[in-house]
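Residues or ranges marked as active site, O-(5'-phospho-DNA)-tyrosine intermediate by Swiss-Prot: Tyr119. Look at Swiss-Prot and you will find 31-495 tagged as domain 'Topo IIA-type catalytic', backed by sequence analysis. Residues or ranges marked as site 'Interaction with DNA' by Swiss-Prot: Lys39, His75, His77, Arg88, Lys94. Residues or ranges marked as site 'Transition state stabilizer' in Swiss-Prot: Arg118.
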Amino acid sequence: MSEIIQDLSLEDVLGDRFGRYSKYIIQERALPDVRDGLKPVQRRILYAMYSSGNTHDKNFRKSAKTVGDVIGQYHPHGDSSVYEAMVRLSQDWKLRHVLIEMHGNNGSIDNDPPAAMRYTEAKLSLLAEELLRDINKETVSFIPNYDDTTLEPMVLPSRFPNLLVNGSTGISAGYATDIPPHNLAEVIQATLKYIDNPDITVNQLMKYIKGPDFPTGGIIQGIDGIKKAYESGKGRIIVRSKVEEETLRNGRKQLIITEIPYEVNKSSLVKRIDELRADKKVDGIVEVRDETDRTGLRIAIELKKDVNSESIKNYLYKNSDLQISYNFNMVAISDGRPKLMGIRQIIDSYLNHQIEVVANRTKFELDNAEKRMHIVEGLIKALSILDKVIELIRSSKNKRDAKENLIEVYEFTEEQAEAIVMLQLYRLTNTDIVALEGEHKELEALIKQLRHILDNHDALLNVIKEELNEIKKKFKSERLSLIEAEIEEIKIDKEVMVPSEEVILSMTRHGYIKRTSIRSFNASGVEDIGLKDGDSLLKHQEVNTQDTVLVFTNKGRYLFIPVHKLADIRWKELGQHVSQIVPIEEDEVVINVFNEKDFNTDAFYVFATQNGMIKKSTVPLFKTTRFNKPLIATKVKENDDLISVMRFEKDQLITVITNKGMSLTYNTSELSDTGLRAAGVKSINLKAEDFVVVTEGVSENDTILMATQRGSLKRISFKILQVAKRAQRGITLLKELKKNPHRIVAAHVVTGEHSQYTLYSKSNEEHGLINDIHKSEQYTNGSFIVDTDDFGEVIDMYIS
């Protein structure tokens, strides 16, 4: 044998071979044929079982025998892949109508593996035989198998639209398919309507075929997605579990799941829900139990008392496979190539296949009827001259001589002569003559009917309709999946996601924030808070994990931080810097922090800047869903800083204190509500080179404590403050000195909650009791507390 050596580039060889491989796996492995809805391995399994007599009316046979037949005759691949395909055809949670009945463990909805093929037994289901019916009547083309030892069908007759009824899923080179299963009665009804009116629209078809009908049931949402898929082959729907509510004896409620989305692994779903419970991602679930038994699927989710079951349901829909999105991608092999097809194209392709199948069957039956008619006519003629025929046969040498004599003497045909010589003597009675004449009449009618079907297209379509109606009547079942027109928007209450727990929120002046358990706080005490050198506590208060923290900075921005997102850190340990939660600028400083339980309130914030601007904005404006970056609270002009943020439930007095000792007190009712991006209005009429040190709310029972740079503290009562109008100069609180005058560096409104003060220089701090500071008159500079020569110039004061 001579060798042919070709000199080819690697790129050409790889491209050519991969092209061949891709074509093979597209056409011969992963995608179904639009006509019978089967992939090649599925078709070969069903045909092997049918041809070996492993039908529904016979006993079950070992699966291993079928797998062996398929591998040996039609599908030269691994036994495991053939067995897996065979098992899938028997799983009633994968197929809307199973094509194989199987005894033994054929897997489960938990994705458990089936028993080995040597243990399970199988046979064709009754419906599967409708796919194969009339296959022996030359209805479809056969091709040689892989080793040319036998023939296999290119496609099955498929007497019902299996592609739509059982759907298909698969991935090949460059193509994937996801066709959902449908209700058999609905699909057949839609096909019948298409036969009556080939111009029927998708909208009209959807009166009969409502949408997918999954074997696992569930609730389908989104008619628009179904319509889009039926029109174009692509679309998206939502499939959610069927969930009911039960009340237990102890008063608790539990959610009972009886149907889950198609192709969702039940055990994985149960595990996921239990993980959400264990990780405290959802609050209100006591226990998750899989109570599935032979009576049906059942998952029980026991809830705590007084929880909102609807919110928990919504959370699970969003965060587990209790609800999934299903994407139609209706790709099938049509005319030898993959095509994305809408429902009209699929039905049209199926109908054309049925026209061909019924026409071929009719031709086959007509041919047989005509052949039998010819024989019957010969037998009737022979019986009419029976004595002569018998005498001729007796005088013949042998069977061959008898046949030749019959043909020559009485002009019988070869086929008629063969039938006559094979005729048994007991058939030569008057009864058989009558029977033959009756058969002749029946054959005449049959041939006329068959010719009418072949000559008349409408008659052929009527045959298809009658046979489809028979299958519909025999195999119809109620719809399992409920269809809802709209996709429901899922709203989740925060209470469901976050366990309710009282904690201590703390913020330091240097911007370190944390939440601490009440237990850790009580075990330590306020003084033992973890701090960096030079840092001090700005604020601490009891909050709930379901609250939201608003952190305000000198740049007029705020950080929106849900309390549950704060790190849970022990009281004695250092907190987390806010910049690690939300990025802020290097020179940005935290000036105050508040918690909000509900933004639906009439409360408001007041913002005051160093250069004397002020603004009021209502609390609801600060609600947001963006946590990842700072947001605008107020517009701060260049060379200005936000220095005070206050929160009030209703209008009240505020006092403004400046560096040069001026004070203006007025009511917040003078401020109009403004948006977050507004800069506000003038708060106080500042002197040259003066600036605001603090703006705080004040009431009649309060006192004002002020610290000067020279180490003096001055405390005054509310009555010294004179209530005036906004934007005035205000009153003087210090005695002006010509040399080294006192300047206020810090001031606070002292309420009944405050008892201590702390003075700060760059390197020192001094603590004392507020009540030790006697109240002063208006025009004094207070009392010296520290010697600045030793302590350093005072730069700040903190009260607690």
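Cβ coordinates come from backbone N, Cα and C, glycine included.
Note that the structure is predicted; figures quoted are calculated from it, not measured.
Everything Swiss-Prot records as a feature, shown here on the structure.
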residue : record                                                : CB count, 10 Å
Lys39   : site 'Interaction with DNA'                           : 21
His75   : site 'Interaction with DNA'                           : 24
His77   : site 'Interaction with DNA'                           : 14
Arg88   : site 'Interaction with DNA'                           : 19
Lys94   : site 'Interaction with DNA'                           : 21
Arg118  : site 'Transition state stabilizer'                    : 10
Tyr119  : active site, O-(5'-phospho-DNA)-tyrosine intermediate : 13
Lys39, His75, Arg88 filtered to the recorded sites whose C-alpha is within 10 Å of Lys94 (site 'Interaction with DNA'): Arg88
Nearest of the recorded positions (Lys39, Arg88, Arg118, Tyr119) to His75 (site 'Interaction with DNA') - Cα to Cα: Lys39
Rounded inter-Cα distance in Å - Arg88 (site 'Interaction with DNA'), Lys39 (site 'Interaction with DNA'): 12
Reduced DSSP assignment, Arg88 (site 'Interaction with DNA'): helix
Arithmetic mean of per-residue pLDDT over the domain 'Topo IIA-type catalytic' (31-495): 92
Cα-Cα distance linking His77 (site 'Interaction with DNA') and Tyr119 (active site, O-(5'-phospho-DNA)-tyrosine intermediate), given in Å to the nearest integer: 21
Rounded to the nearest Å - Cα separation of His77 (site 'Interaction with DNA') and Arg118 (site 'Transition state stabilizer'): 18
Collapsed DSSP category at Lys94 (site 'Interaction with DNA'): coil
Distance, Arg118 (site 'Transition state stabilizer') to Lys39 (site 'Interaction with DNA') (CA atoms, angstrom): 24
